[in-house]
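Database features, via TrEMBL:
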- 12-32: transmembrane segment (TRANSMEM)
- 38-59: transmembrane segment (TRANSMEM)
- 66-85: transmembrane segment (TRANSMEM)
- 105-128: transmembrane segment (TRANSMEM)
- 135-153: transmembrane segment (TRANSMEM)
- 173-191: transmembrane segment (TRANSMEM)
- 219-239: transmembrane segment (TRANSMEM)
- 259-284: transmembrane segment (TRANSMEM)
- 296-316: transmembrane segment (TRANSMEM)
Amino acid sequence: MASKRGKTYFSYLVNLVCVVLLFIVLTALMKAGVINTYWAGVIMLIMINIILATSLNLTTGVLGQIALGHAGFMSVGAYAAAIFSMKIAEAAKLVENGAPTAAGFGTFLASLVVAGVVAAIFGLIVGIPALRLKGDYLAIITLGFGEIIRVIIENVEFTGGAQGLSGIPKLSNFNTVYWVTALTIAVLFAFGRSRHGRAIIAIREDDIASEASGIPNTYYKVLAFTISAFFAGVAGAVYAQQMQVLGAKTFNFMRSIDILVIVVLGGLGSLTGSIIAAVGLTVLPEALRGFSEYRMLIYSVALIVVMIFKPSGLLGTREFSMSSLLRWLRHPQFKRKKEAAERGSGK
């Protein structure tokens, strides 16, 4: 037992070191000009998509419920954060020489909380009635929610109406967004490994058996859905303060589909799978801009090929970690055992 716990702590330590090293490397490359402004913007978009995908994975992958309104929660968070920061900017200096001041940094952190809480409240309101239903009803209800939010945003004055919002203070930067993304992943990973996460997995596997064993199904479904909405709101807040301009069309139905595709491609239930897929599906369209006529064709064919050969996603329900990679490199027999196990399971 102690040996197993020691291996777990070692795995966490290795992953933490890798996260810090990645931050140092990316920061150095940006300062050296190796990563230009354009690709720095792409990296910011990657991190936003990682937050969105890992949060949706909690509902779609861990809970096993298809939700098509994630862009709706993102839009709620984006507008909440934008309006909040713009109001604060009227009374305090948030940006100086292109960088956030101390007040700006505090406002950025506060806006993340505001955006997450507002999105979570909407998630709670939608989730309580919707998650009592079974089958595809949640997908239909969340789809309707996303479209209702978009129409409301386009037709009310305080969101800027059809013209949207502009002049949003740029309070986000690579450093803050990187650590917000890392914290999001850590929280969702810890939640998935907690007793709450295990209860949600039990509901996904057999909701009748889980309820018979005393697990309150509705409570845990709503909990997962609300947490998922919270982090979608956080992603929206980061997006708003990075782009500085918001429009309702940004958060349309196709945005929800894009996020869902990332989760499915990475593997339903795999947090690291969602991260890898978010990186790949964000970079690929940008890398193919030179083939503008065939860009979406190549992108679509690549998705189809991956899903044909890996129908359960890139990682399935497995998780990738640097410690497991190190074991794989150090012990060839570890690789052979995993390959034999995968052949035996038909993957």
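Cβ from N, Cα, C; glycine included.
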Counting only pairs 6 or more apart in sequence, are there at least 3 Cβ pairs under 8 Å between the transmembrane segment (259-284) and the transmembrane segment (296-316)?
yes
When each of 12-32, 66-85, 105-128, 219-239 is checked against the transmembrane segment (135-153) for Cβ pairs under 8 Å, which one has the most?
66-85
Under 8 angstroms, Cβ to Cβ: which one of 12-32, 173-191, 219-239 has the largest number of such pairs with the transmembrane segment (38-59)?
219-239
What else in the chain is close to the transmembrane segment (173-191), if you only count residues 6 or more beyond its ends and a Cβ gap under 8 Å?
19, 23, 26-27, 30, 40, 43-44, 47-48, 50-51, 54-55, 57-58, 99-100, 105, 108, 112, 197, 227, 231, 234, 238, 242, 271, 275
